[in-house]
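This report refers to the structure that appears directly beneath it.
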Amino acid sequence: MPKRDDIKTILVIGSGPIVIGQAAEFDYAGTQACLSLKEEGYRVVLVNSNPATIMTDAEMADKVYIEPITLDFVSRIIRKERPDAILPTLGGQTGLNMAMELSAAGILDECNVEVLGTDLTAIKKAEDREAFRDLMNELGEPVPESDIIHNLDEAYSFVERIGYPVIVRPAYTLGGSGGGICHNEQELIETVTSGLKLSPVTQCLLEKSIAGFKEVEYEVMRDANNNAMVVCNMENIDPVGIHTGDSIVVAPSQTLSDREYQLLRDVSLKIIRALEIEGGCNVQLALDPDSYNYYVIEVNPRVSRSSALASKATGYPIAKLAAKIAVGLTLDEVRNPVTGTTFAHFEPTLDYVVAKIPRFAFDKFEQADRRLGTQMKATGEVMAIGRSWEEALLKAVRSLEVGADHLLLEEAENADEETLERKICFPEDDRLFFLAAALRRGQTIEQLHEKTKIDLFFLYKLSKSIELENRVKENPQNEAILAEAKRAGFSDAFLATCWNIDEQAIYDLRKAQNLFPVYKMVDTCAAEFESTTPYFYSTYEEENESTRSAKESVIVLGSGPIRIGQGVEFDYATVHSVWAIQQAGYEAIIINNNPETVSTDFSISDKLYFEPLTLEDVMHVIEIEQPLGVVVQFGGQTAINLADGLAKRGVKILGTSLEDTDRAENRDAFEKALEILQIPQPAGKTATSVEEAIKVATDIGYPVLVRPSYVLGGRAMEIVESEEALKHYMTNAVKVNPKHPVLVDRYVSGQEVEVDAISDGENVLIPGIMEHIERAGVHSGDSIAVYPAQRLSQQVKNTIVDYTTRLATGLNIIGMLNIQYVVDGEEVFVIEVNPRSSRTAPFLSKITEIPMANVATRVILGENLIDLGYTPGLAPEKQEIFVKVPVFSFAKLRSVDTSLGPEMKSTGEVMGKDVTLEKALYKGFVASGTTMHDYGTVLLTVADRDKKEAVELAKRFNRIGFTIMATKGTASTLEEAEIPVSQVKKIGENQETLIDYIRNGQVTLVVNTLTTGKRPERDGFQIRRESVENGIPVCTSLDTAEAILRVLESRSFELESMNASEVKQPKVRV
């Protein structure tokens, strides 16, 4: 069937900011789709609110709108651009929900816009829990016994009939938001209340729990001719009951018999045909391990996280082909880009095993509930490929960057029996390590199977790894054992620990017996057809399929799994760096292990190595490729941390030298450099012991900012106000010793300013200066950034440009650097310099039209800024105003405090752009999911130090018609200032308290600043959590509250009676 020529313009809806449950996989899908549609000659219009994505680059679509994905803004774009069709199935849950809203509001009919890929009826049948259940009943496919509920009473009657445990699944939500398994009435009340609030249609499915069944997924494709095929099937190691995004996954499935595989395959194809989906679809099934009984769990009628994993696991580009199918092409007409000879309807065949392990942010959120269930909690994931399950699993473990290079975690090994049992029976993010610890202590695989319902096959494989571990320890430096261990995926670092020698000695042993990995190709067809895919994985076998080309090459290190502090921004920079290397005439090679990202799309680089980012694994690639050098500036802290080890092994680090990187990151060296350059910084010193830290703090005066050196995302950073608090931090948050010093600085509560710059060693280009709305003390990644700076004098800007130029040249930076300053009056202090790409680089690149990672790479490769056409100094500022607003995933992470401070907590970001700051902020807030009410009630409960400032804010809220509620202390201060206020009871008082008002929806905005001390801290935590659970915006910084207020004031009008001159009435604004 030829592609459609009756449509010319297609609107692609992106997925918005990165949140838990919806990460970089949709940047990958959207980028593929836009390029695929342009390839077919269509005019592509894209809307997405996330500036940190490749898909929002101007080259990706004919028109790119970085605007909020809301009914209001998308409708405006449709009316302006008049697309013939929209493609919503590549923008995750956000895209699907937007399409449903546009349809319900009548916009699609009004503007005569067709929905491509999967029609809205099919989306409704898959997403609406009741319609889905009815369809399955029609098809004769079993679903767990269930009921649709819209309130708690309906939930009670279902439980009376079925009994506990039950699973709650809210309709039209992402990553199982609001869902969970309930074992008792208390859990039922909490989960159902939360689920109904989070479902846009106030609907949940309550179903009988089938926890313990095997969970299997099929990634399927179908075209308009009803051709359907399976791209990949995947098996969750964890049984049903743990969200698939939080499960360890293996592809292809390892424990299904042929009969089981074919049974579930047939079901998946039957469902995609019944839904008449044109494109990709994910079917999740539960299989009884003791019979052939199965249940259909759910269907995602769109490209999903699993699609990205299936694409990378097989090499089959699902999103690219789904876009082609959406415009009428069929599977038997489109060539498979991997082989170039076969067509897309050939089902991929795998001659290797793929393991995916999720990455969690619990290192950032120590208070979070780590227990896994049906609501997703992982921020990202890693993937590894091997010839066996054991090899793939161990490669994935060392890709995680959780301080383990093997199935060995100190915490698990040292756990008492009670903790060990709890961690095994009630799964948390680190259960894999506790299973290994239990096997080491002599528990049998049958005992573990009984407790976990994990298939005996996987437990047997784990036990084999532990057995091999024991033989390694018993046979130091034995050649045969070494070879066996390497084939099983053991790392040199772990072997070195076993044999009590250093890692280099292991390498020398391997070199002596020529024991090195070879690289195999991912080709979708298990070598049945000729393939030229430049996509490789390592394994210990005979034949090597990766050959070095005659062209000089450069290796770029990726940033690994997405986590808080190191997100998709670094992947964005990696991809741009690769393109720049290719433009400069070199072969560009990527090493990375994240299946969600654009950088691991094999069509991006000349060669892709899907490998752990460890010294050993990277060195193997370097040895085979012999590159000109390695670029580490764009892979976040992951890549920077490898630079030292690589340089010691004789590898050329391109760009800023290792010594100069160390001068920026090592506190003492940095202080000396600042002294020479005569640039001020807040007073502070390095401490290598608790006593030393107390002395430094006493000398410079409290409050102080304390943090470990060499850190990304403000890990373990805190503002400390007393000696007692400092002692607590030093003993609990960090392991301080001479090797790992702690930095103690005077805390300057000024205005924070951030600068990204590019230096060629002589000239320095500053694309822009961004100011933060929140004052210093809130992590830069969690602050609202504004460009161009609105509150800085010309003198301060000149000082910042001068300091930035001096720092870049004085530290011999070649490439990118990011500097954070704090401005106090007209004084400018340097807080820190990062000699690498930053998380603001994509934002600044988009708005200044200076492709920073691209330019920096050209400079790293030896060109200079003037020859590249750039004038040194500050680039001319744009007329429009741009804001970068952080986005948080607090709703997914219960028991995490939402208060902002020096430790980063946001998972993503959005951009707002307009002609005034207020309009740009409005777009930013709306895009981030903040509900902007033009009237309502503001609840104020602030610390004593903030009360004076809160009076001014309350006056302004009152002036535009808001009612003010406050707790006793804050209310007294407001009454003294003659501001109308209703006093509410604190938590623990007998009558109706402020928590009741929040729960009953009587509050529209909460402003709550941190009080130090135990009780108020606990109360504040509960206020903030209740606000998040009930979807109420909560500001823990008065600066954020003021920004929201500015927006509300700009949307209100003056109202004054005509006879105001007779009796002076106060003005009211609405």
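Along the chain as shown, residues are numbered 1 onward.
Every residue gets a Cβ built from N, Cα and C, even glycine.
What Swiss-Prot lists as region 'Carboxyphosphate synthetic domain' is 1-401. Annotation comment: Swiss-Prot describes R129, R169, G175, G176, K208, I210, E215, G241, I242, H243, Q284, E298 as ATP 1 binding site. Annotated domain 'ATP-grasp 1' per Swiss-Prot: 133-327, in sequence order, evidence recorded as sequence analysis. Residues annotated as Mn(2+) 1 binding site in Swiss-Prot: Q284, E298. Among the features that Swiss-Prot reports, Mg(2+) 1 binding site is placed at Q284, E298, with the record citing sequence analysis. What Swiss-Prot records for E298, N300 is Mn(2+) 2 binding site. Annotation source Swiss-Prot lists Mg(2+) 2 binding site at E298, N300. Look at Swiss-Prot and you will find 402-546 tagged as region 'Oligomerization domain', backed by sequence analysis. Marked as region 'Carbamoyl phosphate synthetic domain' by Swiss-Prot on the basis of sequence analysis: 547-929. Feature annotation from Swiss-Prot assigns domain 'ATP-grasp 2' to 671-861. If you look up Swiss-Prot, you'll see R707, R746, V748, E752, G777, V778, H779, S780, Q820, E832 marked as ATP 2 binding site. Annotation source Swiss-Prot lists Mn(2+) 3 binding site at Q820, E832, citing sequence analysis. For Q820, E832, the entry in Swiss-Prot reads Mg(2+) 3 binding site. The Mn(2+) 4 binding site feature in Swiss-Prot is assigned to E832, N834. If you look up Swiss-Prot, you'll see E832, N834 marked as Mg(2+) 4 binding site.
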Exercise for review: Rank the binding-site residues N300, Q820 by the number of other Cβ atoms within 10 Å of each Cβ and report the first-ranked residue.
Suggested key: N300
Revision key, fill the gap. One finds that other Cβ atoms within 10 Å of the Cβ of H779 (ATP 2 binding site) number exactly 22
Study note, to complete from the structure: Per the 10 Å Cα distance test against N300 (Mn(2+) 2 binding site), the binding-site residues Q284, H779, Q820 reduce to Q284
Revision key, fill the gap. Cβ-Cβ distance under 8 Å, sequence separation of 6 or more, same chain as Q284 (ATP 1 binding site); the residues meeting this, in order, are E215, V216, E217, T244, V296, I297, E298, V299, N300
Revision key, fill the gap. The answer, for which of the binding-site residues R129, K208, R707 has its Cβ ringed by the most other Cβ atoms inside 10 Å, is R129
Review point. Among R707, R746, V748, E752, G777, V778, H779, S780, Q820, E832, listed as contacts of ATP 2, what is the widest Cα spread in Å, to the nearest whole number?
Key: 18
Review point. Given the binding-site residues I242, V748, which one's Cβ is surrounded by the fewest other Cβ atoms within 10 Å?
Key: V748
Point to revise | Distance [Cα-Cα, Å, rounded] between N834 (Mn(2+) 4 binding site) and R707 (ATP 2 binding site) | key: 15
Practice item. Would you find the one among the binding-site residues E298, G777 whose Cβ has the most company, meaning other Cβ atoms within 10 Å? Key: G777
Study note, to complete from the structure: Looking only at the binding-site residues R707, G777, H779, Q820, E832, I242 (ATP 1 binding site) has its closest CA neighbour at H779
Revision key, fill the gap. Within 10 Å, the Cβ with the most other Cβ atoms among the binding-site residues E215, E832, N834 is that of E215
Practice item. Compute the C-alpha separation of V748 (ATP 2 binding site) from R129 (ATP 1 binding site), stating it in Å without decimals. Key: 53
Point to revise | Tally of DSSP helical, extended and coil residues in the region 'Oligomerization domain' (402-546) | key: 77 helix, 11 strand, 57 coil
Practice item. Pop the mean pLDDT for the region 'Carbamoyl phosphate synthetic domain' (547-929) in here, whole number is fine. Key: 92
**Study point:** Euclidean distance between Cα atoms of E832 (Mn(2+) 3 binding site) and R707 (ATP 2 binding site), Å
**Key:** 12
Exercise for review: Could you state the whole-number distance in Å separating the C-alpha atoms of K208 (ATP 1 binding site) and Q820 (ATP 2 binding site)?
Suggested key: 53
**Study point:** Cα separation, G777 (ATP 2 binding site) to E832 (Mn(2+) 3 binding site) (Å, whole number)
**Key:** 13
Review point. How far is it from R129 (ATP 1 binding site) to Q820 (ATP 2 binding site), counting Cα to Cα, in Å?
Key: 49
